[in-house]
Amino acid sequence: MEKAIRNFLSQESAGGILLLVAVALAMLMANSPLAGLYQGFLGTEVQVRVGALDLHKPLLLWINDGLMALFFLLIGLEVKRELLEGALSSVAQASLPTFAAIGGMLVPAGIYLLFNYGDPVTQAGWAIPAATDIAFALGIMALLGSRVPVALKVFLLALAIIDDLGVIVIIALFYSTDLSTISLIIASIAIVGLVALNRKGVTALAPYGVLGLVLWVAVLKSGVHATLAGVIIAFCIPLRAKDGSSPSEHLEHSLHPWSTFLILPVFAFANAGVALGNMSLNTLISPVPVGIALGLMLGKPIGVMLFSYAAVKLRLAQLPNGIGWKQIAPVAAMCGIGFTMSMFIASLAFEQADPMYGDLARLGTLIGSIIAALIGYFWLSKVLPKQGV
């Protein structure tokens, strides 16, 4: 298990560097003479027509609705594996990261709402600081190599996965609008078909892919966010076949490099370009960016630590063997790396609002995530032994 986790984290480390490059490139283009080219490229209309079906969207929405559906497919596969066989497969293993994740979502959301109380437009962004970027957080931890105990890596992985599950629920409940009954019926039929394939023991991925595409289009047209289709597909793909092979893990391993080295960097490049030229100091310290940045920098670690400590003291959970609070605390700080997940929620929260709010949300996310990453990295580096364990 240790070797598998280290291989996974080494890939995430390289992906984290690529994410930083994508963000830097986006910021450079958005604040240079290339800004018009950058915005024009993302606004390019892309049309797909098959018979009566006509999908016509800007490139940015194809990235956010299409590529990110594949990312959520991967997240769904990871969640299912961990729930059935991994770090979340027993109550004892799942208790501490579950309480930590709940605290790490509630407190940041509360801080954001505190700064944005009374403004119905900006209050829609309450979930932005509640997210953790699993790829980036694990990538930062991976920079410390073998100095990090495996139990600590598993704790962060489990916490981040539960956090992702919470984000999925939030998107389904709070960011779905103008529902289409016909599209939901078609989506339901596709889901029934996927479940039937699972119950019949079908392990070939092609049938799931065909029905999954139907489901994605139906969900896209339904008013429910299309990324949820990826999660549903993931939960329907069998974890184990009769011969002991794992179709789910095979697909997960196939998707990982695409997600790490293409999907997330492209998403970051498309969404991280914030034009700073028209922003005044008053704008930069307005409730949206401040609420998000403080939610990530302070709310995340406070929430994770508070709920974890309470759960242990109430004997609802226990610390992993060989791990103390001095190791948990910097990991809690790393959970404030919202980055791509926070930007994704921001794109949903302010989709119908003035574009300025989206820019402010992305700026707050960048500031909060970068500071959380630096604090988490240097703090964890200080408390860990100098040599590998």
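The chain as shown is numbered from 1 upward.
Every residue gets a Cβ built from N, Cα and C, even glycine.
The structure displayed is predicted, hence computed values, not measured ones.
Residues or ranges marked as transmembrane segment in Swiss-Prot: 17-37, 59-79, 95-115, 124-144, 154-174, 177-197, 213-233, 261-281, 287-307, 328-348, 363-383.
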Of the listed stretches 59-79, 328-348, 363-383, which one has the most C-beta pairs under 8 A with the transmembrane segment (213-233)?
59-79
Need a quick answer: max count of Cβ pairs under 8 Å to the transmembrane segment (261-281), which of 59-79, 95-115, 154-174 is it?
59-79
Outside the transmembrane segment (59-79), six or more residues from its ends: residues with CB under 8 Å to it:
41-46, 134, 161, 164-165, 168, 212, 216, 220, 225-235, 237, 248-249, 251-252, 255-256, 258-259, 262-264, 266-267, 270-271, 344, 347
Maximum Cβ pairs under 8 Å to the transmembrane segment (124-144) - stretch from the list 17-37, 95-115, 287-307, 328-348, 363-383:
328-348
Any chance the transmembrane segment (287-307) and the transmembrane segment (17-37) have 3 or more Cβ pairs under 8 A, given the pairs are 6 or more apart in sequence?
no
Can you tell me which parts of the same chain pack against the transmembrane segment (95-115), counting only residues 6+ beyond its ends and a CB-CB cutoff under 8 A?
87-88, 123, 125-130, 132, 155, 158-163, 166, 287, 290-292, 294-296, 298-300, 302-308, 310-312, 316-320, 332, 335-336
